[in-house]
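Asker: First the structure, then my questions, so here it is.
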Amino acid sequence: MTDLNNSNAGERRDDSSNHDADLDGAWAAFAQAHADDLKDVERSRSAKRFEKHAQRKEKEALLSVRDLDNGVFVDDLAPMSRRARGPRDNTNSSWLDTDAVMDRYGDDFVPPNPSIGPVKASKLVFWILLVAGIAGVIASVFVPALAAVLGTVFGVCALVGAVGLIVQHKGHTDTRNGYTDDGARV
């Protein structure tokens, strides 16, 4: 039934002894006959993608951590009388021993002493409005009968507080030294 569809019917194989020589010759003849098609395939996007994939696979690590035993990471050749040292055997000072470290290396460190200074009353009022507005909007959800009225009132409070704080903000020009100085300090 498939004899009519056999496109290789004229090329019957013979089982002779120089089978490998015939295959090499047949491949060379095929490559020569279809050289243009093979070059098109070689230049195709799929071929380039496959080549990149093959190069990535070649670069992958040939050795995995699972291939190694624990002796590679821990010195297991130490004699039994001497205890092997590990990462948890730290003998340096702990970060909890701050006073001892400061005494050892000197008292040059001066802790920062920030001062808030006088707060303007208007800024305090705007902060109170903002915080009360946000808290009120959240709390109005729990009172469904008055949610629309309370939500509107507290929403307006939050907006007035936020807009007032934004309008009062003058920037940090007092700490800047130049046009390109963004105020970041170490």
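Note: Cβ is positioned from N, Cα and C throughout, glycine not excepted.
Pulled these from TrEMBL:
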type	residues	note
COMPBIAS	10-21	compositional bias 'Basic and acidic residues'
REGION	1-21	region 'Disordered'
TRANSMEM	124-143	transmembrane segment
TRANSMEM	149-167	transmembrane segment
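In terms of burial and nearby residues, how do these features look in this structure?
Answerer: Here the transmembrane segment (124-143) has long-range neighbours at 150-151, 153-162, 164-165, 168, meaning same-chain residues at least 6 beyond its ends whose C-beta is under 8 angstroms from one of its own.
Sequence-distant contacts of the transmembrane segment (149-167) (same chain, six or more residues past either end, CB-CB distance under 8 Å): 122-123, 125-137, 139-141, 143.
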